[in-house]
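Colleague: Here it is, the structure in full.
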Amino acid sequence: MTLLLRSGQGVLTLLLCLVALVRLPLLAPDAPFPFGMETTALILLLIAIGALVSFLPIGRLARVSVLLVTAHLAAWLLIGGISGNEGQARLSYFLLIAASWLLGWRCISELAEIKPSSRQFTMALRLLIPAIFGAWILILWEAITRGAGIPFILLPPPSAIWDRITGSLPILAADVRQTILKAVLFGYLVGCAAGFIVAILADRVAFLRRGLLPIGNLMSALPIIGVAPIMVMWFGFDWQSKAAVVIVMTFFPMLVNTVAGLGASGSIERDLMRSYASGYWQTLCKLRLPAAMPFIFNALKINSTLALIGAIVAEFFGTPIVGMGFRISTEIGRMNVDMVWAEIAVAALIGSVFYGVVALAERATTFWHPSNRGG
Amino acid sequence: MPDHITRTNLRTHRTHGWPHRMTASPASVVSARKLGLTFQTNDGPVHALSDVDLEVEKGDFVSFIGPSGCGKTTFLRVIADLEKNTGGEISVNGMTPEEARKARAYGYVFQAPALYPWRTIENNVALPLEIMEYSKAEQKQRVQRTLDLVNLAGFGNKYPWQLSGGMQQRASIARALAFDADLLLMDEPFGALDEIVRDHLNAQLLKLWATTEKTICFVTHSIPEAVYLSTKIVVMSPRPGRVTDVIESTLPRERPLDIRETPEFLAIAHRVREGLRAGHSYEE
Ligand SMILES: Nc1ncnc2c1ncn2[C@@H]1O[C@H](COP(=O)(O)OP(=O)(O)O)[C@@H](O)[C@H]1O
Ligand SMILES: [Mg+2]
């Protein structure tokens, strides 16, 4: 009994295998390329081995390796066999997919239990676990869309999106150049810099602080993306109008956060500066700005997301025939959903990298903050 | 009622004007005359200080002792120009507190170390030197010297949060010593530390005072600490905050830790305790 409890996923996997075995074959009788006898047997064998090994009291590393191989090999065989047979999968096919997914789950939870012995190992684990997790999202997506024959328009399988990405690199590159390198980057830099400078001015000039701050708080709560059509009217169809939208969207979060950050230093620290007869700018540079850094980085992170959304959505309102938002809005009209997904994938990748770079810079500058000290 | 008498004295004094205004001796570092400070709060005025008369001479080690709320911190803050007096007169090095602050006449050690967490210990000690625009070479040399002085050599590259509370407070003392202020204002610098660390730091502070020949104003809650450290003990009492006794210590300048068992030491401690009790019973 304790043996069974050791791996709930293992028990479930074996049960699924049994049911699948009873309900063979994997595909409908009129499928053009049915699974061979040997392939089916191999898949069942792999899954059974993985499930049985998950009970064995061998080393954790050995168990993880066997699980890693069996789960993914079985999934690979199952997905490989479905091409050409879209929509022909039967219950047993999905049961085996679910069984190999359970093994993958077991693999991740065993990995998460490992107490890493060295820094490199910790790093590798930190990458491996989300990588396996992400791989399984793609595997399930692929198996379900192809196996059940979900219409392409509704949700194309990841393999089709990948084919579209690799097949349209020049178009995607041109779109990224137009939207990211021009509108987003320019707008983000100018918007954040302007928000920061105005925050310092407001700190210095009392009437600005009293007048501008309530407006800033109001504006940062508004869906500023609504100004996009107006910006297109003012600044034309090209990237400048999108950059203007990004500037407006990123300005207020930076303003509000920086002003809050400038007030974040403690009263003893400020008295200390006063006791040195420190001037306004010295106190600003040596105390108040460093103390404001967590707030400023907060704005930089929020703005990295806002800038991307702003530039893409602003292109829906008029643009030359290039750009990520333009591509999304025209290709969806032509039912080329794989191209839309390709743009979304590229945007997601760039957005993550953008956010990641800002987060890394934050870790490097605010290492002293209690929330960062441990790592 | 002694208070009544001083009040009358004061009134007669005032009718005669201020004959003493510039008579503070040349060696006087802090000179307060009838100093008063009233905070205007939402619950009405709070008399944090009233009628405080005090002379701090060059090279003195003056302790301020009294129950919470008797205005010790406020008095130090008035000297430092972090608070403005609302009555009476005060001069620091013969100047107004504001002029003295602008002339960087004092180093202030706060109740909390207030080290900047983004700077290493070295750079924290260098902070006043950077602001006062000492040359890089001079900064380096002074940081080294003051860290040696507080026994923190070798910890310069650490960040404040990597050090114990006692070490942090020593670093903040080093920071106050790094530039050439002859006056050191210390507000319960060891209040948050345990007694063993405190004894050790007290002995170090005395040695430091002897080697640097600074004038020190030191706020404390502890009678033994006050007696052990001071050449002059100012006993204060609350509501309104005022000075009830000023005791000149008869102990020698050279003080080993076991001086605290001598009859002379105990006699002074007794007088301080009496002064505190008098201030207290007065409240009822
Ligand atoms: N900024 C302030 N505003 C109003 N009241 C204050 C302020 N600072 C101190 N006080 C009051 O002044 C009195 C003396 O305070 P303080 O000097 O801090 O006393 P101590 O340091 O001796 O404990 C207390 O009653 C305190 O509440
Ligand atoms: Mg106090």
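Here the Cβ of each residue, glycine as well, is placed from N, Cα and C on the backbone.
Features from TrEMBL:
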TRANSMEM  A:40-59  transmembrane segment
TRANSMEM  A:66-85  transmembrane segment
TRANSMEM  A:91-112  transmembrane segment
TRANSMEM  A:124-144  transmembrane segment
TRANSMEM  A:180-202  transmembrane segment
DOMAIN    A:194-364  domain 'ABC transmembrane type-1'
TRANSMEM  A:214-237  transmembrane segment
TRANSMEM  A:243-264  transmembrane segment
TRANSMEM  A:306-328  transmembrane segment
TRANSMEM  A:340-361  transmembrane segment
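Each of the listed features needs to be described in terms of its position in the shown structure.
Modeller: Outside the transmembrane segment (A:124-144), and at least 6 residues removed from its termini, the chain residues within Cβ reach (under 8 Å) are 68, 72, 75, 78-79, 82, 89, 93-94, 97, 101, 104-105, 107-108, 111-112, 114, 116, 150, 155, 157-159.
Long-range Cβ contacts of the transmembrane segment (A:214-237) within its own chain (Cβ-Cβ under 8 Å, at least 6 residues beyond either end) map to 244-245, 248-249, 252-253, 255-256, 259, 309-310, 313-314, 316-320.
Within the chain, the transmembrane segment (A:340-361) has long-range Cβ neighbours (under 8 A, six or more residues past its boundaries) at 156, 161, 164-165, 168, 172, 175-176, 180, 297, 300-301, 304-305, 308, 312, 324, 327-328, 331-332.
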Colleague: Taking the transmembrane segment (A:40-59) as reference, which of A:66-85, A:180-202, A:243-264, A:306-328 has the most Cβ pairs under 8 angstroms?
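Modeller: Looking at each of A:66-85, A:180-202, A:243-264, A:306-328 in turn, the most contacts to the transmembrane segment (A:40-59) are made by A:66-85.
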Colleague: Quickly jot the same-chain residues contacting the transmembrane segment (A:243-264) by Cβ under 8 Å, restricted to those at least six beyond its ends, or write none.
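Modeller: Beyond its ends, the transmembrane segment (A:243-264) has Cβ neighbours at 182-184, 186-188, 190-192, 194-196, 198-200, 202-203, 209, 212-213, 216-217, 219-220, 224-225, 227-228, 231, 234-235, 284, 288-289, 291-296, 298-300, 302-303, 306-307, 309-311, 314.
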